[in-house]
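> If you scroll down you'll find the structure; I have some questions about it.
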Amino acid sequence: MNVLVINAGSSSLKYQLLNPDSGAVLAKGLCERIGIDGKFTYKPQVEGKEALKEVDVAMPTHSEAIQAVLYALVDAKNGVIASMKEIDAVGHRVVHGGEAFNKSVLITDEVMKAIEDCIPLAPLHNPANLTGIRACEKVMPGVPMVAVFDTAFHQTMPAKAYMYALPYEYYETDKVRRYGFHGTSHKYVAGRAAAMLGKKSEELKLISCHLGNGSSVTAVDGGKSVDTSMGFTPLAGLPMGTRSGDLDAGILEYLMAKYNMDIKEMVSILNKKSGVLGVSGVSSDFRDLENAGKEGNKRASLSVEMFNYGVKKLIGSYAAAMGGVDAIIFTAGVGENSASQRLAIASDLEFMGVKMDAEANKVRGEEAVISAPDSKVKVLLIPTNEELMIAMDTAAIVSGK
Ligand code: ADP
């Protein structure tokens, strides 16, 4: 079976054609500047096929973008499949499923309506995801499509973890609660962790640290998300590349009054000018911060320390919340690549049974156990693969498993 995975943004569309059983990727790429001047990138993963990089393709709407993807996939010279019939299903990443979806679903008219109903919760993302779905329906009629939600994995959180201490009607009437994000990634690495440890998911208490440009940490007890650091929006939790993470809401009133800012300006600062970029004044990219730190830039070092400290505190609190932890997982850009940050985060935790192995930790981008052999709690590096998770869910649903 081949599944086409689509991640549609407002003016971009990422795609990957893969086999969910073997994990083999046939081709992947990106349509950018949809509705502007259309740039198309195609990277076949099959020997002897040539890639296309940012070539001009007219893409006034997402439909032309999908059409360009299909043409490239079946192209006589550089295509990877003989015809569209070899695409068995399409898996769509959808950011927000609200409380309506606790797992991936086959897309029907009712599902489209429910995704539309979640637009107020993700006003930038869900409309773009819907556009991607409609474009596929138009260009590939009859091919089954599945929606995979960033929020669905976290729907198992208990009320004590997802409620905010606000007047209850804001939850009942306005759906204000913690939803959590990166669910597809947390679910994937939690599944891989069980496989690596040779245990059933039901037997394990895991803490999954997805540390990238956006970061979240999730407590996974018995295969289910029981708490997560992102909240009503992805602004919550850890300090991130440019996002503040959690802060005292009183700061908003203080700064808005002092600098005569409206709420839009304030929230824009929290989303785009804060996090490690805001503290360091250098960059939102952790590689730049590490380099600047080595050259003596104290604010760059401070921003990374704050981030690492934030992750460490979440590990401690989620271990307490679950009454223990069997393994800690590092994934995403920083988690997969930065040995120094993994070490900073997971060191000095011997009191709770975590003992890192500095040598084993000198690894990048591959599955590995990075704790010492006698560490009670295993520490794992697991590269995330959201596309594979989407393809696996899609295959399971269309084949009725
Ligand atoms: P997203 O998908 O959220 O955009 P990624 O998961 O790709 O983000 O992570 C991007 C982050 O990973 C960047 O801040 C980047 O600096 C960081 N990163 C990548 N490689 C390294 C590395 N070798 N050391 C430290 N950070 C790294």
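Every residue, even glycine, has its Cβ placed from backbone N, Cα and C.
If you look up TrEMBL, you'll see Asp150 marked as active site, proton donor/acceptor. Per TrEMBL, Mg(2+) binding site is recorded for Asn7, Glu386. What TrEMBL records for Lys14, His210, Leu211, Gly212, Asn213, Gly214, Asp285, Phe286, Arg287, Gly333, Val334, Gly335, Glu336, Asn337 is ATP binding site. The substrate binding site annotation in TrEMBL covers Arg93. Taken from TrEMBL, the feature site 'Transition state stabilizer' applies to His182, Arg243.
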> To the nearest whole angstrom, state the Cα distance for the pair Arg93 (substrate binding site) and Asn7 (Mg(2+) binding site).
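Cα-Cα distance, Arg93 (substrate binding site) to Asn7 (Mg(2+) binding site): 5 Å.
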> Cα of Arg243 (site 'Transition state stabilizer') to Cα of Asn213 (ATP binding site): how many Å, rounded?
9
> Restricting to the chain of the residue listed as 'active site, proton donor/acceptor' and a gap of 6 or more, list residues whose Cβ falls under 8 Å of its Cβ, or answer none.
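Once residues fewer than 6 apart are set aside, the residue listed as 'active site, proton donor/acceptor' is near Arg93, Val94, Val95, His96, Gly97, Phe181, His182, Gly183, Thr184.
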> Test of understanding: give the count of other CB atoms lying within 10 angstroms of the CB of the residue listed as 'substrate binding site'.
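Counting Cβ neighbours of the residue listed as 'substrate binding site' within 10 Å gives 22.
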> List the Cα distance (Å, whole number) between Leu211 (ATP binding site) and Glu386 (Mg(2+) binding site).
14
> Anything from the recorded positions Asn7, Lys14, Arg93, Asp150, Leu211, Glu336 with its Cβ under 6 A from ligand 1? List those in sequence order.
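Qualifying residues: none.
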> Going by DSSP, is Arg243 (site 'Transition state stabilizer') sitting in a helix, a strand, or coil?
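Coil, per DSSP.
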> Tell me the Cβ neighbour count for Asp285 (ATP binding site), meaning other Cβ atoms within 10 Å of its Cβ, over all protein chains shown.
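The Cβ of Asp285 (ATP binding site) has 15 Cβ neighbours within 10 Å.
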